[in-house]
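K.L.:
Take a look at what Swiss-Prot says about it:
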BINDING   22-26, ASP53, 169-170, GLN193, 219-224, 273-283  NADP(+) binding site
BINDING   TYR26, TYR58, TRP89, GLU120, TYR132, TRP230  substrate binding site
ACT_SITE  TYR58  active site, proton donor
Amino acid sequence: MDLSAASHRIPLSDGNSIPIIGLGTYSEPKSTPKGACATSVKVAIDTGYRHIDGAYIYQNEHEVGEAIREKIAEGKVRREDIFYCGKLWATNHVPEMVRPTLERTLRVLQLDYVDLYIIEVPMAFKPGDEIYPRDENGKWLYHKSNLCATWEAMEACKDAGLVKSLGVSNFNRRQLELILNKPGLKHKPVSNQVECHPYFTQPKLLKFCQQHDIVITAYSPLGTSRNPIWVNVSSPPLLKDALLNSLGKRYNKTAAQIVLRFNIQRGVVVIPKSFNLERIKENFQIFDFSLTEEEMKDIEALNKNVRFVELLMWRDHPEYPFHDEY
């Protein structure tokens, strides 16, 4: 696989392609300064990123859209050069809500289509505008999932030209098989966005996805920010790992660059999230070196099956994906 800063798209099973590195745009709406996301996306595009990963529930898609449109207006990129991934949240799984939800994202972005639209989690929550619905006692309000019905509504969005490719996120093997074996399947999921890094290499899920032509996109590819609401903070920080740092010295790279290179060398798309402008540039400098087979094996051996993003608050949901081995 010949990847370079100028040319690093890999094929998807539907004939489209995806840039192997993207900018993640997740942010805490309350603590992120206005405009930080737009600035980050503009710097990323100037740096060479062509893949932006976002979601309506990040509450910053308007900034992402503004940045993309500004770079198109400047003549820096064309719309077809940019790959935008949007997400269908858990409160919008009801089939008749899928298209209006995507159309709302398109209105916010002020774009005609998204390149990839994915079901963000396999768990359905009570439909409505409340992103995290709970009752008066703080108990989560779930909704019965029907992933196949939701998928059919996604397929209709692709047929209508609102999205080029369809995928999923946080799906385990059983949930992927539900879609793959669906009678009358029109469009296969092209990707599954999951946590993936040297402490959580996902060998079995990766193999299953490769057998079915499903690309793995790695969120939290550098470990993760250590927010105790979401993250198992007892887990060791990935970027302090001795092996990753010694490889960094060998190649005159940071541990983060080694980690990103490791995943792209195995065909895993990475979407490191950063609003730090220097780090955005640094994360992209991974095309001017490659790891040896031996080094790849050494990094693979770091796997501890440590999942940072456990989503434990939803572990009693019938479709909670992480009870299964993979």
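In case you wondered, yes, glycine gets a Cβ from its N, Cα and C as well.
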K.L.:
Cα distance, GLU120 (substrate binding site) to GLU282 (NADP(+) binding site), nearest Å?
P.N.:
28
K.L.:
Return the member of GLY22, GLN193, LEU222, SER274, GLU278 nearest to GLU120 (substrate binding site) in space, with distance defined Cα to Cα and candidates limited to these binding-site residues.
P.N.:
GLN193
K.L.:
Tell me which of the binding-site residues GLY22, TYR26, GLN193, GLU278 ends up closest to TYR132 (substrate binding site) in space, Cα to Cα.
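P.N.:
Going through GLY22, TYR26, GLN193, GLU278 one by one, the closest to TYR132 (substrate binding site) is TYR26.
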K.L.:
Go through GLN193, SER274, our binding-site residues, and report the one whose Cβ sees the most other Cβ atoms within 10 Å.
P.N.:
GLN193
K.L.:
Measuring CA to CA, name the entry from the binding-site residues GLY22, TYR26, GLN193, GLU278 that ends up nearest TYR58 (substrate binding site).
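P.N.:
Considering only the listed binding-site residues, the nearest one is TYR26.
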K.L.:
Using Cα coordinates, what distance in whole Å links GLN193 (NADP(+) binding site) and TRP89 (substrate binding site)?
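P.N.:
Distance between the two Cα atoms comes out at 14 Å.
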K.L.:
Could you state the CA-to-CA distance between TRP89 (substrate binding site) and TYR26 (NADP(+) binding site) to the nearest Å?
P.N.:
14
K.L.:
Including all protein chains shown, what's the count of other C-beta atoms within 10 A of the C-beta of GLU120 (substrate binding site)?
P.N.:
20
K.L.:
Here are the binding-site residues: GLU278, GLU282. Which has the lowest count of other Cβ atoms within 10 Å?
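P.N.:
Comparing Cβ neighbours within 10 Å for the binding-site residues GLU278, GLU282, GLU278 has the fewest.
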